[in-house]
């Protein structure tokens, strides 16, 4: 039976306005239905307005909707009624526990990217100090990916077993420690310094699977693209923060100053995460009954997840790899990672070598696109959710989002290739990186849809393929520049790969759940 509080919104609309509450602030208890059915005593004064008959319970449940799903009332579109309803819905969403979870995930991913992008800025003075060639600089930058190559599958399996909250806490603590210890390691030897970068990559491999797991548990299906948009906005803002603040901090605290500061912020985040966030809505002490009911009714989870049980069997890797939708995800993640890490790792060097700007200017030109990616990533999530709410199939929605996320950067990189000034090049790069964010509402959300019970391990598998592609792209760009003396041919190659990945995705991707267990 629904709690009495759920009927209050409907009663307020159907009954005459009630007298104001007492001075104590407690609401007047409604008159029991049995008493309303009895005739009034003879001693009551005549002319008392009759009480409205109680609504049947079934009708009240059918008409009730939580504020975030309530349809507009007749006549609400005129005047301030619709605006008031919109403000109420927005206020409920912004102050909800699930948004707090998304915000904390965004902060974690911001730290994740800030810690890795520091090397993209530090590589310039380090190369000058130690005489590294572009080829060896590419090897140093790819050392993060060596560790990242190992952890996603293991991390995804741990996420499916232990849940995103616990795995994310351990991951952030470990990668913050690796970042914090980088100056000490560098003072000892190059190989020890590279080891901290490998450890950083191993720890950060659990970040995205943990994020996906928390979104799956905390958000109804119609809000997951928006939730991923919020979290990934933090991911891209981490690039901006790292690229813009690192040169400033280096000018005051030395090359390794950003490593220490970002590491300390990571330890602070872990303390807040452990104390303020719950693994599931049902475990939260702060969540309201209304929000818990809304999340529960809006989710379509498999039994093991809905019941809070842990996946205790070995994931069926052979069956996962036997389906074309899995390969569509692997291909999409590989292409996304290739383009992402090539741009992230080499753009400061690109602007410095092609347009001969100084390090701080190169960082500024390289940082602006990530701001656009953060903004458009959230916009893409909202648009994606709206398409699904308006009746567009999940499959078509994911294909539209991913097509924009691949074709857009592919065309923009050709424009970047033809740019004659750093300002024009930065504009094309901003378009490429901004449109790339539409893929977050494509393949990244699709992981939760085709296999919710294996979302973590599936994310790990596709991330491993993405890491291979990222290593190949990052190291390959360095060797390409060494051999050809320019980035231009490599940008054309990347554009062609974007086109081929778009075709593969649109042929084999699906938004429907795939039977990997042989039960259907």
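Any Cβ shown, glycine's included, is placed from N, Cα and C.
Keep in mind that TrEMBL annotations are predicted by a computer and have not been checked by a curator.
The feature transmembrane segment, as given by TrEMBL for the ranges 195-214, 255-274, 275-294, sits at 255-274. With a cut-off of 8 Å between Cβ atoms, the residues of this chain six or more beyond the transmembrane segment (255-274) that come close are 104, 107-108, 111, 114-115, 118, 121-122, 125-126, 129, 165, 168-169, 172-173, 175-183, 186, 242, 245-246, 249.
Ranked by Cβ pairs under 8 Å to the transmembrane segment (400-419), the stretches 144-162, 167-186, 327-347, 487-508 are led by 487-508. When the stretches 144-162, 228-249, 327-347, 367-388 are ranked by Cβ pairs under 8 Å to the transmembrane segment (487-508), first place goes to 327-347. Beyond the ends of the transmembrane segment (144-162), by six or more residues, the same chain brings 116, 119, 171, 197-206, 208-210, 212-213, 310-312, 315, 341, 453-461, 463-464, 467-468, 470-471, 474 to within a C-beta distance below 8 angstroms of the stretch.
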